[in-house]
Amino acid sequence: MSAVGALLAREYNVTAEKCDFFLENGSFDSVIAALPALNQEQETVTQKVSKNGKELINVASVNIEIPERISLSNNGRQLFKFIVDIEILPCENDNEATLVVSSDSVSLFQIGFKMENNSKIAVDKQLPLILDICAHKNQERALRNQLENRKSLERKPSRKRRKKNSNVNDPEKLLKSRIHELSLSYKDFECSPVVFRYNDSSLTWVLSFNLKLKFLNNKFNRFSVEANQILDLTFSNRDENEFERYHKHSHIHSNFIQKQFISQILEYSKDRLSKIKPFLPQSIPDLKVNLLPFQRESVEWMLIKEGHGNSLSDTPTVIDEVGLIDFMNEYYAYGYELIARSPDEVGPSLLWNKLTGYILTTEDAAHLYNQYRKERLSGDYPVCAKGVLAEEMGLGKTIEILSLILLNRRKLKDSEATFIDDENRTITKTKTTLIICPNAILKQWLEEIELHANSLKWYTYRGYNEIMKDCKTVDEAVQQLCQYDIIVTSYNIIATEVHHAEFNRSIRSRRLKSPKYDYSSPLALMQFYRIILDEVQMLRSSSTYSAKCTSLLHRIHTWGVSGTPIQNIYNFRMIMSYLKLHPFCDEVDFIRTLQEEIKLRNEAKDYTSNDFVCQLKGVRFSIKDCMNIFYRYDLCIRHSKANVASQIHIPRQHNFIIPLEFAPIEWDNYLNLWNNFLELSGYNSDGSGSPRVSNAFLNEWLSRLRYICCHALFPEILSTRQKRLHGHLSRISNIDDILISMRMDAFDSLIGYYRERFHLSIKQAQYELEISNTPAKALESFIKIRDDLMIHIRQKFNVEDPFDKSLNLSEDEDEHMDERFGEKETSSGDESDREINGAKNHDNHNNDGMLSNHLKKKGLRAMMNLLHDCYFFLGSVYYNLGTRKLEEADDKHRKEKTEEVVYSDVFPKNELEEIEENRLLEQENYANAEILRKSILSSEARKVDMTIKMARTKFAPMTSNIPLRLINIEFDHKNDYSSNLAVSRCFKSLSKLIEGLNEQTKNFNELLDELLIIIYEPVHRTEDDDSTNKIIGNEEYSTSIDSQDKIFSLLGCLEIILQNRDNILTSESEVKIPKHLVPEGSIISKYQKQLLNSLRLISGTPLRTVFDELKNSRIVRRISSSNESESTIQNFEDYLLQYEVESKSLFKYNKQVRESLKILGSIYNAKTEYYSQLQRISDSLVSLHSLSAPQLSHLIRTINKSLGGTLDAKINNIESRLIYLKNLSRLKDTLNDNQILSCSICLGEVEIGAIIKCGHYFCKSCILTWLRAHSKCPICKGFCSISEVYNFKFKNSTEKREKEIQEPRREGADSSQDNSNENSIISNMSEVEKLFGNKYEQFHQINEVHQIHIKESFGAKIDFVIKLISYLRLKSEQENADPPQVILYSQKTEYLKVIGKVLKLYHIEHLACLSNTANVGETINNFKRQPSVTCLLLNVKTLGAGLNLINAKHIFLLDPILNNSDELQAMGRNNRIGQDEETFVWNFMIRNTVEENILRYKCILEERKRKEKSKKGDKYDEAQDETDNEESDDAKFEISVVDQEVSNEHLWNCFFHGSD
């Protein structure tokens, strides 16, 4: 038997044969090496303190049974000697598994085992980590023993003197390094030595060890991730059944969890409120309205939360460990779990907060509980209610809050009027309730108080500055505010109050005994009885100023009020922070991590688990944990209208759909934008195809298409064009303005297409010249392009001679175009067509002409640029055919002979004549290009000349009073009449400064002279310039760069001098010259660097300091000097001090000089514009040889594609559209006169029509059939092709326009069905129409409303709004009813502004609240109090919630609201408790557009939801709470959940669903 076997036999009490068996098979010899003290017993579990002073507690006792025979490889000797990877493979039985040990990816052995008495240890999660910790700790212990053995050997005496080993491979150093590495891992744990013992009864080996946690008691512990993970897995009590009790749905794949939260709260509220025994009377004193039963339930719940009926008997004297956990979680911080000690451990168990790391003993927790109970008994610790009243909108949350205030008023003792807070501020206890609400409903709160509880004394707090106007001190303001029962303020005011709330005068350092000012907010010096946040979701995040200020305010009770308190995951932190639920109101942010993890999972489309759990520092945290907090601590209740329908009696709300058709002008405008979208997105008209754009791009286009359904001009387009019309921004764009805009857009596009076609043609010819080297072919191409350009300029712009020097190409000058730019009318061979095409003189004709002139100048300028390029390249072609041949002959002859070449000896006579002719043509074409270049640049050159002339006039030496140069300061530097050293020092400083300023003046004026020479130089060349230069403009442009750089540098240096001069004149501290005189990173030219180095800048003591010292000296002198010398001394000091007045004059003078430099800067800007245009011309002439191979290939592909017919088709189509648009005004009149537009082929009515370039109209199908067989117009016989056809929709009949909404549409019914989108769930369009009709009612009087006459048209939707308002007003007058009041909701602020202008035009009194400003509440209050105000314009997102507007019986939803909650909020403004009449919602929709697609698709989603509910056996009721019983996956039923953006899976349907 080996020695090791004997050791094992003795220590483990087993037979030697068994030990030798294991040793022979390589089982445990290396294990024994790692465990040097096998004969020691395990560490006593009573050990309490670690070596570093931290306390210890046993967190895991591991006993693993291993079979007697182990299949072990030779590598198994590495166990515990090196860090190993351990994997646990679970077996069928919970306490059995397979242990897999590997090292360096090599499997060492597998052991089947089972756990003994370790039910808390999760085999699959905890055990691998625990074993890994054990391996680390035992290896560290072995290495420390090894190191100690080496040291003990070195300490033995030796006769030989050993040298100190400095080798980096020294074993001792390596050991220390390895020990250090191991000590950094799992530093929060200690592990006992591993003990092997043999169990004779089970014939197994048992591996045992204890794992202990090192911790600091009554302190925050920063545990490692591994420590938190083991503690969380071992001790966290996660009761899944508790959650499922109130929440029936699996979890979602989205951050948007509003429906899930409210579904849970509704379930909880039913259970919680049913347990409350009613105790409120039927009528509440001082409340002028009786509460409904469900309202009494809510008030009773809040009263109980605030301590009603609670007595000390409710708090037991002694509580167990479970009770302590609940107490600590509710009253201190959420997250405490119990770490129980094992029976053989000494000491109390621990409470560990998994979110903060704080640990305390159960004894300490019991002490805190006893202290709390004692304070409750003495009244020092009142019950502090925290909660959210989340009643559905319209159920009377305001009345419930007022009832709470009336029923539970604070009783204060005079002896306890104040207390000192943690920041040493004196806080006054008050009876007051602080209500914070949005601006929009602040007045509404005051009205409700006056109407229902006018015994309550209230005050509107408007901020620190306002209240301090009436109070002398902050303490006085506090005493004044304490007198009120209610203080009402807004979120905006609270946000501005945050800095005053943070101010603390008790910690301000000061030299005086009492502070001069106190900027403390009076709100921060009061302890309110309760704070109520109405629409609490308005806090948005805990980092906003409103949230910060609210958190600083002292209160007893904390309430939030909102119908939708939780919308997304991050709202949990906002609500919990406001309710002061620790640790969520502190820095630890588990919720943000959870939100980000879910976002990442969604982006990866990882939906493998319904309940997503994230880990923060090893601690598990999920949405379930967030939701559980609310019912675990009774934080929120809610009633829905569906639940209390039997108690409330709200009259019916009618939901009308108003389908409208575009007028022909609007329809063409929409189709043009739609076609642009299709072209850019890659979709086909039926929704097929592969999009090439992002979802953000699609959302942007959807927004544009939705806006154009409301008004045909985008705000930015309208603004730009009205500015061109001399700034008439207040003018409303009517339908004629829209037509003008459409024509201008079409004409602008046509110019672009023509420009592109000619440009590509020039590049094609240039390719033939430079790359193909075929000058003869290139010559032919360029001549054709030149001729085509000349014809185009003559026909399109009526310009006969492009070389006319009087031609005006300026786009920005105010003078009108010459008559040469007048439009030519399209001729036609038919009299009726000429009558249609004959334009009327409309009121906006001048505006049309001005915009047209602007665009035509722009187009002519583009064509002139192309003509210039063409002439230049023609010169290049003739150069290749003429001059270049002579140059090649010269070069060849120069190499062979010295004498000059005789060209007649080289070329035949006829060829030489041809060369000479080509040389003359070369010069002629280059000259023509130069003339055109000057003509193109003439407007920019004129601007430069005008600005130079203006500057010369302003700065004329004899007539100008405008300062440009600096002036010297006169000063006597020699005679110093100072009476003392102080004055003398001032004299010398002043003398030095003035001397420096005068030198600086000289420096400035010299630079200015240099600037004037350069800046006054003209930009264009004279007629004597060599116009035959082939590189036109290159030399000029090169010179201009140098000139512009000099001007820029000089202007910059002059400004630096003025700035330095201002500092010397006005600074109160020492002036320092900046290290960098120009911004860092700026490119500095050599010339600019020289200028900067030559600047004369002044540093040191400024003038103001000198004058201050001089004044101080005079004060001292007056006290000490005699009267005899007073007069002389004073005169000298006064002489010096007069320069103080002079310095102020110099500062003003510097300001005037700076303004003068701005005039010179305008010359620089004008020159820059000129040279930029010159550079663009030069860039257009770049040789193709300078392009890279990919660039050249791309150019060739573009030429082949575009010139192959694509551009011609676009040009033909848009020319036909221009003719159509020109005739639309006449067609509009035809429609108004009830005339019919007939097709000349089939003689039928034109509905879906087409127009060709000659201006004739036909049915679309007729003309397409005709042109397939003919190439001429059926009427005028003019040539035309299919590419010239422009299609349009034209409906005349009112009956067709207002088809019954329930009728099925058959056109294109299947267009969207082939799409693979899974949301296209209804294939039968008649079923879609049925769903559409089920949700909305039909307004049967819609035709009568259409017949109402209005004096001007602004578009289909705006026109009908005006007509419907007029109809409602006339109807109310006939019925002797009150005048109607209407709320107009839209998501487009700019559209509401347009509506407001139209309402004003028709004398319809209205008010607008487009954003949540300070006066919005007053505006809404005026609407409620003044029946004469017909309309209130509101923005859906900013003012859709919280308003009580039951005075308005009508709500206009001007455009589809994407988010269901926002839509219901808007519809609920008048459909609430207190409404005694039927109300009406009018949904405006433009047929055959994205608006109709959106509304239809929302109906389909509702049907899908209804079907899924029916499958689950749940009853679906449309009247139910909008968020009750919803499917948990919101993305399936919500088109939009954030900021009116459509989610990815619904985008396609919004564009194409049900499209024709």
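In case you wondered, yes, glycine gets a Cβ from its N, Cα and C as well.
The structure displayed is predicted, hence computed values, not measured ones.
According to Swiss-Prot, the listed position annotated as phosphoserine out of Ser152, Ser313, Ser810 is Ser810.
Taken through DSSP, the zinc finger (1239-1277) splits into 10 helix, 9 strand, 20 coil. For the recorded ATP site, residues Glu391, Glu392, Met393, Gly394, Leu395, Gly396, Lys397, Thr398 set the reference point as the centre of their Cβ atoms, and the other residues of that chain within 8 Å of it by Cβ are Gly563, Arg1472, Ile1473. Taking DSSP states H, G and I as helix and E and B as strand, the compositional bias 'Basic and acidic residues' (145-156) has 11 helix, 0 strand, 1 coil.
Summary: among the binding-site residues (Gly394, Gly396), the fewest other C-beta atoms within 10 A of the C-beta are counted at Gly394. Cβ neighbours within 10 Å of Leu395 (ATP binding site), excluding its own Cβ and spanning all shown chains: 25. A simple way to gauge crowding: the CB of Thr398 (ATP binding site) has 24 other CB atoms within 10 angstroms, across all the protein chains here.
Counting only same-chain residues at least 6 apart in sequence, those with a Cβ under 8 Å from the Cβ of Lys397 (ATP binding site) are Leu389, Glu391, Asp534, Val561, Gly563.
In the three-state DSSP assignment, the secondary structure recorded for Met393 (ATP binding site) is coil.
Counting every protein chain shown, the number of other Cβ atoms lying within 10 Å of the Cβ of Met393 (ATP binding site) is 23. The 10 Å shell around the Cβ of Glu391 (ATP binding site) contains 23 further Cβ atoms across the protein chains shown. A simple way to gauge crowding: the CB of Glu392 (ATP binding site) has 25 other CB atoms within 10 angstroms, across all the protein chains here.
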